[in-house]
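Participant: Structure below; questions to follow.
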Amino acid sequence: MLSFKSLLAAAVVASSALASASNQVALYWGQNGAGGQERLAQYCQEADVDIILLSFLNLFPDPLNVNFANQCGNTFESGLLHCSQIGADIKTCQSLGKTVLLSLGGGVGDYGFSDVASATKFADTLWNKFGAGEDPERPFDDAVVDGFDFDIEHGGATGYPELATALRGKFAKDTSKNYFLSAAPQCPYPDASLGDLLSKVPLDFAFIQFYNNYCSINGQFNYDTWSKFADSAPNKNIKLFVGVPATSNIAGYVDTSKLSSAIEEIKCDSHFAGVSLWDASGAWLNTDEKGENFVVQVKNVLNQNACVAPSSSATTQSTTTTSSAVTQSTTTTSAAITQSATTTSAAVATKSNQIVTSSSSSSSSIFYGNSTTESSTGIATGTVLPTGSNENAATTGSGSNTKLAISTVTDVQKTVITITSCSEHKCVATPVTTGVVVVTDIDTVYTTYCPLTNSQVYVSVKTVVCTEETCVPSPTSTSQKPKASTTIKGVEKGQTTSYPVVGTTEGVKKIVTTSAQTVGSSTKYVTIELTSTITPVTYPTSVASNGTNTTVPVFTFEGGAAVANSLNSVWFTVPFLLAAFAF
């Protein structure tokens, strides 16, 4: 088995050919999401396409099968689809300089591993049927794909790191070409199905789905979170793609103007590589006034937002100044932060479980495990001084005098958590707005209440400072001021969240949280009293509408049908022709 260093070296070599480009377009093909899907070779004739992802190998490990909607119907004796035309087109695409990856998983399919051993063994199957190995039943005949993409959206996370590692070992045996590994996580970080794979195996690309979730481009776009992950990823050179829908009837779609604004903010990130599109059929139908398809439009956006590197002298000066400031700040505050960790964790776990489940509800919703704060509805700042200190010592911020002051900041924020809301056997990912109260500095307490109130929340913070058995109360009240966006840790996956039915009301809830911290001879007690009037939850605008689009957005993960109320939908997701007769 290859060592981790060998795997990393292989990943770096494989991605070197594409590493310098930040204007690449990756295109998912195979699911006929918008109808009228043409054969693969036609899309590869488009010069602006750089990477093709064949979607999907959606049944594995046993039974094993692929699904390319209207593009493959012949089978081997075993029932495995035999797609000779696609095999010929793969070689055509590769001759035109396209990278062709086979994507595993998708939103519709039956796949996953019960144990690590079966996942590791499955690498042999993939290599022999789609790679440079040998097998009597090869769906693409003698065509060899350039690697594999993991678009795992259900079925658990077991075995995927081991499978990817085993595939890297297979790649090392064939030096005739470069091979690639990629993943297509949904934008909430970390991804429930692909988190382990991304954190344990050096991958070349991540095609992040910035749609169907609260973190889409027209929502709380969290590319920065993924860039920070990439900084510490097993492959430090991993390239990130911003995944967007190619047609306006899919939730999270943005036009080229909004896409350009988003790219403008991230274009100089060292990990940014381009945009991935779902899917090919839709991209060719989505034309502008010039008749250019969406792939060309996106490539133009990327070319127009090329990063211009600053001069070397200016960069050096800025780096030196920043380093000095950060070092000084860390030295002053690190001791206080370390001391508060244990107390905070206990308070969060207890209060979160008690409050989130207290509201009445007509349905139970499962929280995905990620939350991000929006603009704050209120923030107030107060300073409490230990006995014997003076105001100047607390506010100068220099030398050892700063350590004597205990600063209390109360922050009333709005937070969006994503839950799965189910009704009549239909489930959608739904962002729900909740409230969060934060008291920071020595102590940090997160108290989440659901749903958000329809008016301002009053928070009373009572601080008591004790020195040599003498205690002096020092109350602090909040005012309502805006606060920039931040990210906080969400509730653990599996937490059940309830919320009232629209049209109902509830009474007043009071939440009291107390924590204490001792610094030297001083002990500070902080009590939060939150009075919240619970009001009906409105259906989130990101779910109820799709911007200016008058059609109801279709909530579909990759592999799901993208056109609603159409008999053609069956052909988008069902590989067997007999299924159509049910309609």
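Every residue, even glycine, has its Cβ placed from backbone N, Cα and C.
Got these off Swiss-Prot a minute ago, pasting:
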| type | residues | note |
| --- | --- | --- |
| ACT_SITE | GLU153 | active site, proton donor |
| DOMAIN | 23-305 | domain 'GH18' |
| CARBOHYD | ASN370 | N-linked glycosylation site |
| CARBOHYD | ASN546 | N-linked glycosylation site |
| CARBOHYD | ASN549 | N-linked glycosylation site |
| LIPID | GLY560 | GPI-anchor amidated glycine |
| SIGNAL | 1-19 | signal peptide |
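Quick one: how deep are these features, and who are their neighbours?
Facilitator: Cβ contacts within 10 Å of GLU153 (active site, proton donor), excluding its own Cβ and spanning all protein chains shown: 22. Under the DSSP three-state reduction, GLU153 (active site, proton donor) is assigned to coil, being neither helix nor strand.
Confidence in the domain 'GH18' (23-305), given as mean pLDDT, stands at 98.
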